[in-house]
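Below is one structure; the comments refer to it alone.
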Amino acid sequence: MEETRGKAPWLRRPPMKGEGIASSSRRDSSGGTLMSAEERLRMMRVIQAREMGGSYHEDPYAPHAGAPDQATRKDNNKSSAFTVLLIAVTTVKLLLFTSYRSTDFEVHRNWLAITHSLPMRQWYVDATSEWTLDYPPLFAWLEFCLSHIARFFDARMLKVQNLNYSSPQTILFQRLTVVLADSVYIYAVSEGCRLLTSRLTSRSRNILYSPATVYSLLMLWNVGLLIVDHIHFQYNGFLLGLLQLAVFRVVERRFLAAAFYVSVALNMKHIFLYMAPAFGVYLLRQCCFPNSPHLDIREFNVKNFAALGSIFALVTAIAFGPFAVFGQLPQVFRRLFPFQRGLTHAYWAPNVWALYNGADTALTVLNKRFHFLVQSVQHVADSASSPDNSTLDAVPLVGTEQLKIQSLTGGVVGAGEPNILPAVSPSVTMCLTILGMFPALWSLWRAKVGTPNLASGDVFVRGLVGVTLSSFLFGWHVHEKAILLAIVPLTWLAISSANDARLFLLLSTAGLTGLHPLLFTPSEIPLKYMMIFLYIYAAFKVLKDRFSVVRLPGRRYCLPLLNRIETLYVLGFLPVEFYNAVVHESILGLCTKLPFLPLMVTSMYCAIGVVYVYVLIVIDLFRLSR
């Protein structure tokens, strides 16, 4: 029992009355006895509650000391819960086959046709359709493989000239590929459940609140993926599965496997560049300086560095190699990074630039009324009248000031500029993005080397979320769907920490609500509101019950785990959506005069929540890096 000397006092307890010879062997040198895992967990909960200023309440369903071991039965129950959730969500995906499809459906059909019908050297050159191939080559190879299966469904979908082709067989095939591709995501979720089961102990006999079941529910039923992939149409679940596998390999300190998965994800979709700095810094620190807590350059491990570099170089060479031989790399990169599209997307992603454009629009309207500033708008008028800016609002607005507002709120592409505030260039957004990443990258670089496998995993995931949110908030031409890159890894942290669960609830509410303008057809409007509401309600419910041992004072009228201001913000989505759905068109009749206003209000209000979560994560990173 010498190994117990020096342990914290709360890891020991005094001998209980009635303990005899049988229990004396468990006594340590200080006269106490070692606490059981259950007692130790209970004591840790007490400490957590005290640190948060609350009080601890015993869980009436907690097993008593000396209860028989039921690990095998619990594991079977968890597996059954995962299976039930999986079957249910797969059924919903199948039922969504006939729902609304966005232009992304035609985008991917066209890519199937390009990769099947044209020689490889024309893949990134062909412009028969406006939906040209603009994903990295590894995804083009995936489309090429799928096209050889597609011909058994309907060969006419593989003709480049068949624009906007959508036969029932084509719809069936493309919808099925998304569902089947989600198997990668499902495998990643099962891996997360395995790790959570090994690191966390559930104190409740109710299997619904076990860490693995809560994680399965929040991941498999992620309503953002249901909307974006299985209604709107994309392959984000498959790609986020690769991301999560990379994260879990980092958690397990299997760094070479992590490098492989993140390299594949990057060469599948370049949006993962948002997260690449976090992986690069952490893998470099942990692999190349494994025995150097103080970063001694003499301890640099060249072998590990070469192994990491070789993995990334090999995957990239397989993807881009043929196009390098064709001398087409500049053309490929022009397709991947179309900076001419402008600072913001047609529907502003809920980030800093949504607030920036909203402020500029408000100043423009005020300037029209009070004339406090005279600004030349010739460059905006020229831009709006050019043939490239073909996606302005369908209803024309009258007057120069309206034309300027229209240039920022009206199109999928086009470089509309602010009217009152200074214009923002790609270099400015890049500098702000790097600056916003710095706290997270610094915490990842300072992460202790050689810490236990799962203890260091949370440090990496928190830094990864910080880096991703920085890219989302300050990046150039960010799509609203990119918020899923932060929500999915944050789900992992939400299972083990009440504070991270709070951040997850706020980010999910803002981010997922920010996705609903993607669905605007009458038949999908009730569906999207129901899906988003039920998911957010379920998230609050399961996380509230999971962390019910903490009772925080002064939060009687607050939503679970949130303070009063955060509660007011979340409840504020109700009047915002009521205005968008009812007041704007049916009561005020502004649909023709101000068609962009509901989208602008939604984007700006969601942006406030995303910025708030980012600030809290930065504060946490600075606190933890001390």
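The backbone N, Cα and C atoms fix where each Cβ goes, and this holds for glycine too.
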333-350, 351-368, 459-476 - the range that TrEMBL marks as transmembrane segment: 459-476
Beyond the flanks of the transmembrane segment (428-447) by 6 or more, those residues with Cβ under 8 Å of it: 277-278, 281-282, 285-286, 343, 352-353, 456, 459-460, 462-467, 469-471, 473-476, 614, 617-618, 621-622, 624-625
Long-range Cβ neighbours of the transmembrane segment (207-227) (under 8 Å; 6 or more residues past either end): 74, 77-78, 81-82, 85-86, 89, 92-93, 96, 185-186, 189, 192-194, 196-197, 200, 236-237, 240, 481, 483-484, 487-488, 491-492, 494-496, 511-512, 515-516, 518-519, 528, 531-532, 534-535, 538-539, 542-543, 545-546
Positions whose Cβ lies under 8 angstroms from the transmembrane segment (81-100), at least six residues beyond its ends: 171-172, 175, 178-179, 182, 186, 189-190, 193, 207-208, 210, 212-213, 216-217, 220-221, 226, 230-232, 519, 521, 523-524, 527
Spatial neighbours of the transmembrane segment (602-622) far in sequence, C-beta under 8 Å, 6+ residues away: 347-352, 354-355, 358, 436, 439-440, 442-443, 462-463, 465-466, 469-470, 472-473, 480, 483, 499, 503, 506-507, 509-511, 513-514, 516-517, 569, 572-573, 576-577, 580
The transmembrane segment (525-543) versus listed stretches 233-251, 304-326, 459-476, 483-505, 564-582: most Cβ pairs under 8 Å: 483-505
